[in-house]
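Record features (TrEMBL):
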- 29-53: region 'Disordered' (REGION)
- 139-201: region 'Disordered' (REGION)
- 160-172: compositional bias 'Basic residues' (COMPBIAS)
- 205-530: domain 'MYST-type HAT' (DOMAIN)
- 229-260: region 'Disordered' (REGION)
- Glu435: active site, proton donor/acceptor (ACT_SITE)
- 536-559: region 'Disordered' (REGION)
Amino acid sequence: MVDALPQGFHVPKPSPDLSHVSYRLSRHSANVSAMPSPSGGYPALSHPHTEHHPHDAAFRAAAGDSGVNLAPPDGHWSIEVDMVVSARFQHRDFEEAVVLDKRLKPGHRHTYEYYVHYKKHNRRLDTWLTAKHIRPRLGYQGTPSVRTDADSDLPEPARPNKKKSEKKHNGKRKLDALSVQSDGAESSEHEGMDRAALQQHEQATRVKTITRIQFGKYLMDTWYFSPFPPEYQKPPANHGSGQQQQQQQQHAQPCHPHHSGQCCGTSSSSPSKCRRVLSGDMGGHEGEHTLYFCEFCLSFYRYQSELQRHSRYCSLRHPPGDEIYRKDNLSVFEVDGYLAKVYCENLCYLAKLFLDHKTLQYDVEPFLFYVLCEYEEGVGYHLVGYFSKEKRSAQDYNVACILTLPQHQRKGYGKFLIQFSYELNLLENKTGSPEKPLSDLGKASYRAYWTQVLLPIIDKADNSISIEELSRQTAIKAEDIEKTLKQIGVLKYFHGQYILTLGPGTMERLLREAGKPGVPVDRSALHWTPWYFAPPKEITPDGNTLRRSPSPSPSGGKE
């Protein structure tokens, strides 16, 4: 120990401990609060005063040495459209995202919401977030990455693990209605569209305005934009107000799977649970905008009270068409787009919420809609899914659009609808193919169905079987058969000719990879006459006689 020091000698002060100083401010180095920006009122982050935070000067000194500009000239950073950020995504993680739009949070004067698209995921998971769930991207030059007191319970942005990510993508992907895919896979849904059409489509569907729908006893997150009339695109005027929140608390609690009670807006006389079908584990959207559908006539409303009032007078309990199939509790109705135009248009509005590539630029009149329903005694026919087809298709398309609603997916109904479309082709003595492009889920479903249908026929063949014979037995187009067999490795080119090969255990493996078979179609329960053989002459739903649908031109239209 030194007892005394020479005169004039000063003990240097110890260097400040900069171990806590980094690009990111720590909880102990600054207490940062969010405040509105003076320019536009957007949420911004301000630096604390030095006198209240003694380590702040050391932080700035270290940052200056590293060449990182921690703040713009005005000392604030704001979230702007087209900015690349780190945004909260499922399970409280953060991922790279792009801000597509911003708006005032309904019912608030100074709080903004931002619509973000996660770069590594399908557009169906785009959502509205507030500023506390958005942070500057790691390595972003020009703004500090800081934590606010409101964010203290949130984790740090997750850094991507390359090896883990590669392993996940190389593994088997389950065919899940709520699975996500990269933008590269998503772009295949738009094959055949020119650049101008694709750009117009992406711009028109950039922001998902309807985030949720209530359909019967289900509260569902939507996946994509749907071109509802303008008055339905924005939340109601009192959305987010105290009165609206109180109504939502009264009606939304029974909608949780763990709560029971009378389901809002349904016409069922018995109490039931209003189940929630979410597109991810986000724990709820912050900018929820819900539409309320009548599950029978498909009318939609902005307010739950409107749906409840409508339900007291709606007498429709099944799709407005002919029942052409009935087996156990399943029924299929053929609905003419000319005779039930409003119903079919509403069905298209509903479908567009879960299909990215679908458009509504054409009339529904040239189409027939085949609607699959589950029958509940004393209640009616609950919509499960549907497919549509042109009355006359020059390309022999047997499906223009196909959808199983999210709450009924993974039950085998998708393959049921696919098989049903081919059963109609067999009755017409013609082959058919789905209209292209297919969505990611549609493509996987069709490939699995074709595999499950073709392999048993090939296995039972004696010595040889031609693709033409397979097409005749299944009504599947020859080009679809050839493409499918090549993709699964059964059709090979050998010594100048194509051969079909099924080695030991190959068929079992391929069928296992194709998943569970769908609900089978019982041909004896199908009673149907092709439309162009005997179209309906008249229909009198309300006592008014309507002329039969005119025969469209061979070129038809697009749904």
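Using N, Cα and C of the backbone, Cβ positions are placed for all residues, glycine too.
Shown in sequence order, Gln395, Tyr397, Val399, Ala400, Cys401 are the residues of the chain, 6+ apart in sequence, with a C-beta less than 8 angstroms from the C-beta of the residue listed as 'active site, proton donor/acceptor'. Per-residue pLDDT, averaged along the domain 'MYST-type HAT' (205-530), amounts to 84 for this model. According to DSSP, Glu435 (active site, proton donor/acceptor) sits in a coil region rather than a helix or strand.
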